[in-house]
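Peer 1: As annotated in TrEMBL:
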COMPBIAS  195-205  compositional bias 'Polar residues'
DOMAIN    21-136  domain 'BAH'
DOMAIN    138-189  domain 'PHD-type'
REGION    190-218  region 'Disordered'
Amino acid sequence: MAKTRPGKKDLDSYTIRGTNKIVRGGECVLMRPTDTSKPPYVAHVEKIEQDNRNNVRVRVRWYYRPEESIGGRRQFHGAKELFLSDHYDVQSAHTIEGKCVVHSFKNYTKLDNVGSEDYYCRFEYKAATGAFTPDRVAVYCKCEMPYNPDDLMVQCEGCKDWYHPACVGVTIEEAKKLDHFVCAECSSDDDIKKPQTTFSSSPGSDSKVEPKRRKRGP
């Protein structure tokens with residue numbers, strides 16, 4: 001356990017000002033930004049301390065939004081995507097506005113309903129260099145982009161790859177009505193046996209089949 005400096009003591013929890021919500025170490029919180037026109041910062045609470053004047057401060061590890069990273073936001077970044085950074089900080093607990101949950105990418109794609117407090121993380125991020133871990137992820141479709149859980153995709157029953165409707169010439173509404181889908185590359189294969197079930201709606205579903213061995217950096 002980390003040592004607390006003289007005149008300070010560790011706290012097990014902190015009640016967010018003006019609410020009955022309790023924050024504990026290991027949980028994720030929304031913190032008020034300096035520029036109030038921007039969305040709240042998201043942080044992982046590492047430790048809660050109180051000094052001899054009863055001021056409560058939290059040691060946090062910041063999550064970065066894609067637009068805050070060196071490379072910026074890209075097409076495959078979801079609206080609720082965050083990067084867990086190596087940037088630690090100490091902030092007044094009074095800047096905590098609320099609690100949130102940062103899910104693993106896999107668990108996020110299984111949510112039946114995504115609430116305002118739900119986020120996900122699939123990369124760790126080095127703030128000084130802009131490097132990501134992992135530095136390669138699976139890509140899908142003929143556009144060879146990583147999966148964005150905000151986008152509908154359809155799975156080919158032949159090669160088992162996933163495709164964006166626009167990339168295969170169909171609208172999103174048409175894609176939602178499909179019971180079966182075969183990509184152009186596989187459509188000439190007469191040996192394809194169509195399964196009895198309908199297609200899954202995204203690569204994040206339980207029926208996911210590993211894509212062709214293609215990788216791309218974030």
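Each Cβ is built from the backbone N, Cα and C atoms, and glycine gets one as well.
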Peer 1: Mean pLDDT, the domain 'BAH' (21-136)?
Peer 2: 96
Peer 1: Could you give me the DSSP helix, strand and coil counts for the domain 'BAH' (21-136)?
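Peer 2: Taking each residue of the domain 'BAH' (21-136) in turn, the totals are 11 helix, 58 strand, 47 coil.
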Peer 1: In the domain 'PHD-type' (138-189), how many residues does DSSP assign to helix, to strand and to coil?
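Peer 2: Across the domain 'PHD-type' (138-189), DSSP assigns the residues as follows: 9 helix, 7 strand, 36 coil.
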